[in-house]
Amino acid sequence: MGVNAVHWFRKGLRLHDNPALKECIQGADTIRCVYILDPWFAGSSNVGINRWRFLLQCLEDLDANLRKLNSRLLVIRGQPADVFPRLFKEWNITKLSIEYDSEPFGKERDAAIKKLATEAGVEVIVRISHTLYDLDKIIELNGGQPPLTYKRFQTLISKMEPLEIPVETITSEVIEKCTTPLSDDHDEKYGVPSLEELGFDTDGLSSAVWPGGETEALTRLERHLERRAWVANFERPRMNANSLLASPTGLSPYLRFGCLSCRLFYFKLTDLYKKVKKNSSPPLSLYGQLLWREFFYTAATNNPRFDKMEGNPICVQIPWDKNPEALAKWAEGRTGFPWIDAIMTQLRQEGWIHHLARHAVACFLTGSDLWISWEEGMKVFEELLLDADWSINAGSWMWLSCSSFFQQFFHCYCPVGFGRRTDPNGDYIRRYLPVLRGFPAKYIYDPWNAPEGIQKVAKCLIGVNYPKPMVNHAEASRLNIERMKQIYQQLSRYRGLGLLASVPSNPNGNGGLMGYTPGENIPNCSSSGSCSQGSGILHYAHGDSQQAHLLKQGSSSMGHGLSNGKRPSQEEDTQSIGPKVQRQSTN
């Protein structure tokens, strides 16, 4: 009997830098590449049509690239635990390869499949390629706990072995004599389904702004690297109106689905930097979003409650309000704040928004204006974002709601001033909220302040054609910052730089604007919500070592006062980061 191999695609939807697939092919007589699609999951999961379309395009592109190698992708309907025992027998499988999945659900699923494979006498190959590092080694290096500050994470990875370079792309030379048995009815049995087959109504669906697939990902990577000046000077692009629109060099959805290898991206950046900088070593900051991605993956890998507040040992237990009506207005872009509504409209239409736009709407939903749980916002992003990733999505929402990783709760974005500073003319608003197109720039961010005559000329009456603001931002943010301050004052084991003592008694005294970037002057929101230029921002730079040492489960456990406010020593900073609590049972 020959060696019959199966590679199971989940993420990692690519032929470049795919070590599990490459090893599976070696020594095999036949290779079948499968993707398992659960039809029930397609109809019931919290995933919107844009992300499903992106996934199906990824699968179509993967199938097209496999065809060039005289192979095909086999899309199989069912659940893995039901599908594999049948395939092992039907195809006489002797070898199965998978990319390592670091998320708790994925680890549990893969453990079950490995058990079934072992019982069937099938060898299982598991290789890491969705992350840069072996996350378990990072945790081991940190004494068995995930690092909960980015500074500590950077310290740990600086001690790791150098990254392995990407493996060679799967080509006809790599496959050699390894063949894929194909049937005449392949497309009927194993073809990539359409959105309609999955039950989606595609009437009115606009063309994809982000085409899925490895081919597109590699094209975008080359465009991204053409920005040699950015790499040479390592300047973060300045935020402007064009930044808010989808870029032909954007990569985040491709990294999320594994159409693009994070290692390939890392080494391409490194090589280009060394060419431009004449072989000098690149700073860690060059890899920005790649390392934040690793940070959140590491924090989440052993925490199945990472996407929940309750039972999550690293999450502050905040008594958020339940307000389904307000949540719906936020999610559907009906808040009455054009900046917020334009962002949520772009998200729903295209499946992507700029990272600072994500910050703005997350702040508005949680600690700044609506006081609604980050879990609710996370679910909306999970549905609508192309690049929604369990670990990163949950981690980002905990961070932006000051529930973990970051506790500078007296920062919030003005839903008028931040947009006006970014795009003074309001072109972004006009693009996604055409109902407001007729307003002059002076009023487009706060149209409720426009005189009635201007509203009539714009053919948009506030409260009739476009909603009035759902909250008074200045008042809501002042009250919510005070609520957050009181919660943090109750945390029994907070260790920082006397952070709470430095919060002004009226942190919103400048009218509702809390700054995000130190050293800038940005528009000030008045109590009416209008903006005026020139107010300074409040910014307290407390360094990474203030990660709160989070507490027992539930608000009832909040304890007995603050720390002494002294800065931790450098030794404490590097050795004592992370929660000192036992994980609660999830039963």
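Cβ atoms are placed via backbone N, Cα and C, with glycine included.
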Checklist outcome for this item: Cross-ref Swiss-Prot: FAD site Ser252, Gln289, Asp387, Ala388, Asp389; candidate in list His224, His355, His359 matching that site is His355
Checklist entry - What range among 255-260, 291-296, 405-410 does Swiss-Prot record as motif 'LIR 4'? => result 255-260
Next on the checklist: In the three-state scheme derived from DSSP, which category covers Lys329 (ubiquitin cross-link)?
Outcome noted: helix
Next on the checklist: For the motif 'LIR 11' (430-435), give me same-chain residues lying six or more residues beyond its boundaries with a C-beta closer than 8 angstroms to one of its C-beta atoms, as numbers and ranges.
Outcome noted: 245, 333, 338, 341-343, 345-346, 349, 444, 460, 465-466
Checklist entry - Closest of the recorded positions to Lys107 (ubiquitin cross-link), Cα to Cα, picking from Ser71, Ser247, Ser280, Lys329, Lys485? => result Ser71
Checklist entry - Ser71, Ser247: which of these modified residues has the highest Cβ count within 10 Å of its own Cβ? => result Ser71
Checklist outcome for this item: Filtered by Cβ under 8 Å and at least 6 apart in sequence, the residues in the chain of Lys329 (ubiquitin cross-link) near it are Thr335, Pro467, Met470
Next on the checklist: Over the span of the motif 'LIR 6' (285-290), how high is the average pLDDT in this prediction?
Outcome noted: 85
